[in-house]
Amino acid sequence: MEESQLERNRRNGFLALVLRPINWLKMLGEEVHWSFVIGVMIVYGISQGFAVGMSKVSTMYYMKDEQKVQPSELQVYLGLLQLPWVIKPLWGLLTDTLPVLGYRRRPYFIFAGFLSVTSMLALSIQRNLSLAFSLLSLIGVSAGIAIAVVAIDACVTQNSISHPSLAGDMQSLCGFSSSIGALAGYSLSGFLVHLVGPKAHVDSIPSAARLYCFFSSFYPLHNLSGVTLTSQGVFGLLSVPAGLVILVGMMLKESRVHKFTHRGVNEKFLDAGKAMWTALKFRDVWRPCLYMYLSLAVSLNIHEGMFYWYTDAKGGPSFSQHGLFASKNSNLSLITYHEISSWLNSDSELGCSDVLFWYGMQEVVGSIFSVGAVGSLSGVLIYQNWLKDHRFRDLLFWSQLLYGASGLLDLILVLRLNLKIGLPDYFFVVIDEAISMMIGRIKWQPLLVLSSKLCPAGIEGTFFALLMSIDHVGLLSSTWVGGLLLKFLKVTRTQFDNLWVAILIRSLMRIIPVFLLFLIPRSDPNLSILPEEMLKMKKGDNTLESENTEMVSLVDST
């Protein structure tokens, strides 16, 4: 009887664990309209998370292997993709002040989707693209995603003001959607790149030999040896998620704007500018803005230097040149393409039926990013369940210290200390990526919640876009300064002697924001920060109108 009761309790506990996220989503849907919840999932989960996760690996390999750029140059070029995010206030102003055909949001979703689709298809269809055209197309994709995110951010911000106690939950929903989408994108990236876009030459391998590698599923080795990755096929597939944004815009129900004349657009732009300037002069607004920029700018980004070291350094992991091999009669081992080719051409008695798998390490880079997405998702879970009620300043203090310490894991890897303690490169890189992304997300979540509380009524979308653009200027600064650091230290495609110095400098600079925490208010994260008069909507002919934008039921919409 007691055993039966114990087993029943366990079953009920498991059921409660499964139902917990469902009940949480149900609660959010009841409070802020469930179609808003689905809208966040589509834009953040599919358009941003999944699509960016899918394209990141192929984009980096494309720039490295086909465009032949140096690490410092790649830092600058990828920084250019941030430009549409830097001008997010412009997109926010347009959605807040310039209705199209009587609607404020629907046309911008449609435009964003078409821009992304056409840019994706241009990359997919055209061959032997110049560097300039490739960058222009990638910037177009980035702009389409940015515009869609601005439109949905306006809804998130409005609901955060009307439901301040749920601000953390809504930002967690954004984080969950983005992380899960990125996890799916990174996990599928290697498989889909090889399914729709590889070029291979296999003259040295007998056609009778059949090994199978695992790119989220098995794939014949005769299509693998000598693989040169191309991103065109993946970009073609990524036009589908972009098309979903068009569908959301077409099906989105929102009240039409009445008595609107385009003659008043300039005046509304001026009103929005004045409102933003008034808000920025408020002490509890400009100080957090300054902190957000500085905390990101001084945390130098040298990711592309690490990526080249992962794949090309002679003394490094050489992920582009190796694979994992296992058979029924041998343990898991790391061997090169040349070694597996020599083995297949030898008189070895080991038959193809004895081979368990061959896992191409070029795709391991995608799996590393997918583990990073799991770490990011874990960070959201930790914040949502245990940290969301902590004061901003206290949480940022500890998370920033841990963020600086996590950077030293790269130093251990580059100095090869992990091998001295018997920890293989791949597993150490996976641990490094998961921990860094988890801590980074824990550090980022309270800043997002804080940003949502700094937006005055009437220009929520515009002002939140302004805050996010400040963040992206910080990211752009860290990326370009990181590229200059790599160039100054002479870190190139083949030279990595000073990479450890760059890692040490980056890790030490991550501690600097700890001394800037006086810029962050000591307020309770569940309370409003702005004065009451800035949170009240202003009505009138010459003032901005704030509407409670709700995405309609996507049962009827999509």
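Placed from the backbone N, Cα and C atoms, the Cβ positions cover glycine too.
Quick look at what TrEMBL lists:
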- 34-54: transmembrane segment (TRANSMEM)
- 106-125: transmembrane segment (TRANSMEM)
- 131-152: transmembrane segment (TRANSMEM)
- 173-196: transmembrane segment (TRANSMEM)
- 233-252: transmembrane segment (TRANSMEM)
- 290-310: transmembrane segment (TRANSMEM)
- 364-383: transmembrane segment (TRANSMEM)
- 395-417: transmembrane segment (TRANSMEM)
- 463-486: transmembrane segment (TRANSMEM)
- 498-520: transmembrane segment (TRANSMEM)
Message: Any contact between the transmembrane segment (233-252) and the transmembrane segment (395-417)? By contact I mean 3+ C-beta pairs closer than 8 Å, pairs at least 6 apart along the chain.
response: no
Contact yes or no, the transmembrane segment (463-486) and the transmembrane segment (498-520), 3+ Cβ pairs under 8 Å, gap 6+: yes
Residues of the parent chain within Cβ reach of the transmembrane segment (131-152), under 8 Å, 6 or more residues beyond its termini: 39-40, 43-44, 47-48, 51-52, 55, 59, 62, 67, 69, 77, 80-85, 88, 91-92, 95, 105, 108-109, 111-120, 122-123, 238, 242, 245, 461, 465
